[in-house]
């Protein structure tokens, strides 16, 4: 919701007073006051998100929670620098149009039956979100989806706008859709949002909560006791990600196209369906052909991406000595940020077309100024700052004690279910980064206090932060889909609840089986460092 300037000023003046009674309950609730106040400013959009994200630097010292110096430092942690490098790589992909080529090529390959198109959109968006932000993925795929829907309905509206900014996605009021076409249209646009959110769970560098988890684990535990490498995260997250996508496909098909569509996958197409399939295939093929031959710049960005991923995987692969062993202290001074910085630097010097009369680099600073998401960087920094305040104020201990009283006596599987479900529905009302920043430290404290492996609760909490499928305001991809006017609030809510339930069950199953073996979760490690020590409740 965007309020007028007068309304924004009124809220800026009223909110601190309105929430001030919270301050009278002691130091832990000063942190609650900060979280509520900052969250209200984000929701009311009283200022740009990035600027509001800097408020902890003012609030925490003033309220005696933490020093300004310590809060400022969290805005430039190793994980944030890694995320900056990831966004630079994303920008290179967008500048060369590589993402559109990949998306259209994949869509050309999946066929034009409604079921395969739905799976194709979902899988393509999930794959792109390994490397590109969920918002950018959805903003790329939605115009392509709308163009296909217009083709199916023989609409005379203009074809899709190729720009990638969410703000440029045009509203689409398809008033003359048939019932089955309307259901497919709703499922198709929701598949883009679901795919982008689900895909982000698969790679540890893909989304904010994953980076928050990585930073907290690396900061608070010795590497030989509790750690999750790039490869280990993929091994943990890839199998359930495929099940999340399958669940989304089933939920969207049943909710919007009817359960019978699941059984008609291999039945022959009618003449009308064949005609529509030919038109859709022609539209996708034409869009792909308009891109022309693959350029040197696209090949270069693809190559640098593969090199960077190889560096991340092979730094410490686990099954053989990695390249980190070649450096001082056997690579202990290195992190995933080191190769990422080098590749990001080279993109500003590598030519887009070396045979041009005046070669230009793949990236330049003007592109950075115009398109780089500093707001996203500052939002993640605010998440770290909130996490710092939650710990230093004692709020994490207070919440951990309450959660321990409620969940601590539950059986292992019920504990996993309760924690995962709580975070899943909480992230619908708060950003995924802030949810992870607050609750990952809390569940680490609970895990140590009840003597279970720290990863047992922190892994499902991290993944659950991405399960924001229910509400338009929960995450930007949902807002982009809602802005098409194809999906109503109740429809998004219903399909989101069903998908949330499926994802919770899959996560609990994964933690109780494959992940339990992968990280040896049945054994409590001998810790030389402890997260907040033991609970004194």
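Every residue, even glycine, has its Cβ placed from backbone N, Cα and C.
Positions annotated as transmembrane segment by TrEMBL: 9-29 (among others). Residues 3, 36-37, 40-41, 44, 46, 63-65, 393-395, 397-398 of the same chain, all 6+ positions outside the transmembrane segment (9-29), place their C-beta atoms under 8 angstroms from a C-beta of that stretch.
Per TrEMBL, the feature transmembrane segment maps to 35-60 (among others).
Long-range contacts of the transmembrane segment (72-93) within the same chain: residues 57, 99, 131-133, 136, 205-206, 208, 211-212, 214-215, 218, 301, 304-305, 308, 335-337, 340-341, 343-344, 347, 362-363, 367-368, 371-373, 376-378, 380-381, 384-385, 387-388, each at least 6 residues beyond the stretch ends and with a Cβ under 8 Å from a Cβ of the stretch. What TrEMBL records for 72-93 (among others) is transmembrane segment.
Sequence annotations record features per position, and here TrEMBL assigns transmembrane segment to 126-149 (among others).
Among residues of the same chain six or more beyond the transmembrane segment (241-259), those with a C-beta under 8 A of the stretch's C-beta atoms are 114-115, 118-119, 122-123, 126, 180, 183-184, 186-187, 190-191, 194-195, 198-199, 201-202, 491, 494-495, 498-499, 502-503, 506. Feature annotation from TrEMBL assigns transmembrane segment to 241-259 (among others).
Here TrEMBL flags 291-313 (among others) as transmembrane segment. Within its own chain, the transmembrane segment (291-313) is flanked in space by residues 89, 92-93, 95-98, 100-101, 104, 131, 205, 230-231, 323, 336, 339-340, 343, 346-347, 350-355, 362, which lie at least six positions past its ends and keep a Cβ under 8 Å from the stretch.
Here the transmembrane segment (333-352) has Cβ contacts under 8 Å with residues 78, 81-82, 84-86, 88-89, 92, 96, 205, 218, 230, 295-297, 300-301, 304, 307-308, 311-312, 315, 324, 327, 359-365 of the same chain, all six or more residues outside its ends. Marked as transmembrane segment by TrEMBL: 333-352 (among others).
Look at TrEMBL and you will find 412-430 (among others) tagged as transmembrane segment.
Within the chain, the transmembrane segment (450-471) has long-range Cβ neighbours (under 8 A, six or more residues past its boundaries) at 193-194, 197-198, 200-201, 207-210, 212-213, 216-217, 221, 226, 228, 236-237, 240, 404, 408, 412, 415-416, 419-420, 423-425, 427-429, 432-433, 435-436, 439-440, 443-444, 478, 489, 492-493, 495-497, 499-500, 503-504, 507-508, 511, 515, 519-525, 531. For 450-471 (among others), the entry in TrEMBL reads transmembrane segment.
The transmembrane segment feature in TrEMBL is assigned to 492-511 (among others). When Cβ-Cβ distances below 8 Å are used as the criterion, the transmembrane segment (492-511) is approached by residues 190, 194, 236, 239-240, 243-244, 247-248, 250-252, 255-256, 413, 416-417, 420-421, 424-425, 428, 456, 459-460, 463-464, 467, 469-472, 478, 481-482, 521 of the same chain, each at least six residues removed from its ends.
Distant neighbours of the transmembrane segment (412-430): 39, 403, 406, 439, 443, 452, 456-457, 460-461, 463-468, 470-471, 474, 496, 500, 503-504, 507-508, 511-512; these residues of the same chain sit at least 6 beyond its ends, with a Cβ under 8 Å from one of its Cβ atoms.
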